[in-house]
Amino acid sequence: MSTGLRYKSKLATPEDKQDIDKQYVGFATLPNQVHRKSVKKGFDFTLMVAGESGLGKSTLVHSLFLTDLYKDRKLLSAEERISQTVEILKHTVDIEEKGVKLKLTIVDTPGFGDAVNNTECWKPITDYVDQQFEQYFRDESGLNRKNIQDNRVHCCLYFISPFGHGLRPVDVGFMKALHEKVNIVPLIAKADCLVPSEIRKLKERIREEIDKFGIHVYQFPECDSDEDEDFKQQDRELKESAPFAVIGSNTVVEAKGQRVRGRLYPWGIVEVENQAHCDFVKLRNMLIRTHMHDLKDVTCDVHYENYRAHCIQQMTSKLTQDSRMESPIPILPLPTPDAETEKLIRMKDEELRRMQEMLQRMKQQMQDQ
């Protein structure tokens, strides 16, 4: 027994370390290499905020990123708002936290939903999103692709008024016009105007109307099976809380001996970061801490790819039409397959299917052994 203990406590010799080094290739450091390169390069994120005036869009952005992007903003009178057309304003700021740099771009849409006639008031916004896709497509197709500036909109926070009974026609029109182009995250603005039971009813009504009108809002990705239980629980809470009921505030008030951001009312204090009062913390966690990269991935892999495929299809169609017009020899349509050819194709498909099934059975047998 004592010999075994002495053997277990034996220190590794230089020869043992050399043997370990020989077995170690080194590609396990790839995540660290990617991390260092990404941190050095920095990250960029473009967030669009949309909704009618007075719903606290700029205040919420300030609360999310602790950065004032609207220092030079001019407040318009009621008459100016009615006559104002929809504008697109960009605010860009560089934020650094613990050595990680983020280039944040906020795309604001003043004038949206404020006119008497709001027919297709979302057209300038959809045009802007398409213009960013077009610019990225041109840069990607050019000769110099090393430093492409990504100005594509990665997420749109759409503010819904808490004073209605669900979605208004302008809300439905906006989201249906953009849901195939950008990740839409609907928010119930100024949640402190409602009691908890009213918030629950409004959330349920909005979810029903989103399904009814076929609106595709941003869907949270499913958790992997190897994720820990805390992350799975957080993911479930996010999905159950959508659409998020939010409150924004730039004012620091004192509550229970602590200084917190919130709003002071005669009946009490509403704390922005108190999850019993609103979903601000859930929105911040989703947008910044857990799903920012997924929002960028969906923008690139789904929305932009759809736009890119459409552009390539149009270009191919135009080239085909031009070649038909310029060709001295008429291009005949391809002959339709006869019955014998179709029969042969079906036989080949059936043969291929049988081979695939046989390979699948062999693979299963090998796994069982």
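Using the three backbone atoms N, Cα and C, a Cβ is placed for every residue, glycine included.
Under the heading domain 'Septin-type G', Swiss-Prot lists 41-314, citing sequence analysis as support.
What Swiss-Prot records for ARG168 is omega-N-methylarginine. The Cβ of ARG168 (omega-N-methylarginine) lies under 8 Å from the Cβ of SER161, each of which sits 6+ residues away along the same chain.
Neighbour count (other Cβ atoms within 10 Å of the Cβ, all protein chains): 6 for SER225 (phosphoserine). Positions annotated as phosphoserine by Swiss-Prot: SER225 (among others).
Among the features that Swiss-Prot reports, phosphoserine is placed at SER327 (among others), with the record citing a large-scale study or a structure entry.
According to Swiss-Prot, the coiled coil annotation covers 338-369, on the basis of sequence analysis.
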Overall pLDDT of the domain 'Septin-type G' (41-314), taken as the mean:
85
